[in-house]
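Here the structure is laid out as structure tokens; the discussion comes afterwards.
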Ligand code: GLY
């Protein structure tokens with residue numbers, strides 16, 4: 001009897017040890033935790049600069065200005081002063097708002113500016129070179145934010161970026177490859193050799209003296225240091241030299257616009273996100289409302305059923321995006337109808353678990369391949385409880401590749417986000433209609449989705465991502481990872497992602513993230529899967545407020561992204 005008891009005790013202890021070891025292996029991935037404040041961005045240097053500003057007593061808006069300008073130096077592929085973006089904020093008292101500093105079309109832009117005599121889209125004209133450039137909004141946006149909410153002097157917020165530009169940034173492995181890939185296009189577009197045209201290797205130090213001087217003009221003359229005077233002269237002269245159409249009047253007239261965010265409930269949560277001219281908020285609302293009636297948490301994460309449900313919701317939403325959405329200041333968009341639960345339920349009435357709904361049955365369009373897309377997102381929570389969610393971009397990697405001669409900054413190629421011709425896809429394969437046609441001073445439709453989630457009226461999550469058309473679905477999956485699957489922030493950000501956008505009618509999947517059985521079941525149901533080796537869907541930078549009030553960062557391992565806090 002005694003021997004038997006010893007044996008049972010031994011067996012029990014062995015099982016306990018094995019189970020501990022297994023659970024050790026499965027230990028939850030946890031991101032950087034901080035007590036009070038956090039900045040998560042595409043580069044450690046920028047996150048640190050933002051966090052240092054908070055340490056000095058600055059607020060989230062001060063940190064936003066400093067982080068944004070630092071990214072313009074240390075992350076030139078997407079960080080910018082020559083681009084634009086969107087910001088969602090939530091103050092500690094619960095007030096919320098949105099800032100639109102999206103680029104706009106030049107005054108002499110017109111609907112057919114990218115078409116040839118036969119009415120066909122001229123390849124690359126809206127993507128590469130001076131014709132592709134929209135009027136930059138970033139600098140106006142930063143001054144708007146600083147004026148309304150900033151607490152430290154602007155000169156203190158811009159100085160770290162000036163120092164970084166002058167002293168140099170260290171090239172990372174990813175940056176080496178980004179610069180290598182863009183080199184030929186930098187050569188093609190510019191009529192001189194900018195700092196970006198060198199053979200940069202990992203570990204090299206890249207100094208940007210001309211950019212440092214441009215930032216000094218912004219420091220000394222405020223918004224006018226960019227939109228007027230020497231910087232404006234350099235920009236207009238160089239764009240004109242390259243055949244572009246931007247004028248001084250375009251720059252002087254640029255205004256960032258405060259807008260009301262799209263706010264809606266998803267189960268226990270309130271989602272606050274970007275309104276038009278970004279499609280992000282409307283599409284996110286449509287997709288979440290489409291899946292809300294389903295018991296999502298009962299589905300296995302990234303299983304066939306889960307991928308299927310999200311895909312069908314995304315397909316229907318992106319079809320609406322193509323038909324209805326454009327700059328709200330120029331076209332009437334039925335936002336309430338598009339996000340109405342009855343309308344959404346009706347759209348889903350053709351959904352079946354037994355087979356895919358072909359996109360051709362939802363609407364029509366043509367198919368194009370994919371090109372690189374680059375945008376960047378940063379999330380900030382300060383020690384006072386204010387939260388800022390910013391997505392900013394030059395559009396594709398290094399934008400138009402135009403580097404303003406004498407001023408050292410890169411101009412966007414955001415004009416490609418317009419629909420050059422109804423039904424003809426842009427660089428992301430997105431099609432559009434008259435609603436997103438080019439018009440003078442109109443803002444091009446975006447997918448950027450900076451988002452702040454609340455639970456029971458309290459701050460829960462700050463998130464966003466780059467990724468062109470995939471931005472919306474990456475934000476969606478991270479909201480669901482946390483709210484439905486109880487993941488932590490880093491765990492959520494690390495999870496493999498997938499994307500569907502109506503046209504082309506394929507599910508893009510990150511490689512090695514989905515099991516073969518799931519994929520083969522989806523194929524049997526009629527879904528086409530694209531799983532390319534190099535495919536990366538978004539780089540989410542996010543912050544989660546934990547139940548104990550601490551902050552957990554999710555800094556995307558797909559890039560050099562990094563969180564700094566205290
Ligand atoms: N340029 C990408 C976007 O705004 O969606």
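Including glycine, each Cβ sits where the backbone N, Cα and C put it.
Features of the protein shown, as given by TrEMBL:
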type     : residues                               : note
BINDING  : 102, 393, 394, 395, 417, 446, 447, 468 : L-glutamate binding site
ACT_SITE : 375                                    : active site, nucleophile
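Rounded to a whole number, the C-alpha distance linking residue 395 (L-glutamate binding site) with the residue listed as 'active site, nucleophile' is 6 angstrom.
DSSP classifies residue 395 (L-glutamate binding site) as coil under the three-state reduction.
Same-chain residues that are not part of 102, 393, 394, 395, 417, 446, 447, 468 yet have a Cβ within 8 Å of the Cβ center of the L-glutamate site turn out to be 84, 375, 412, 414, 444, 448. A gap of 7 Å separates the Cα atoms of residue 468 (L-glutamate binding site) and residue 375 (active site, nucleophile).
For the L-glutamate site, whose annotated binding residues are 102, 393, 394, 395, 417, 446, 447, 468, the maximal Cα to Cα separation is 14 Å.
According to DSSP, the residue listed as 'active site, nucleophile' is assigned to a strand segment. Same-chain residues at least 6 positions away in sequence with a Cβ under 8 Å from that of residue 375 (active site, nucleophile) are, in sequence order, 78, 85, 391, 392, 393, 394, 395, 448, 465, 466, 467, 468, 471.
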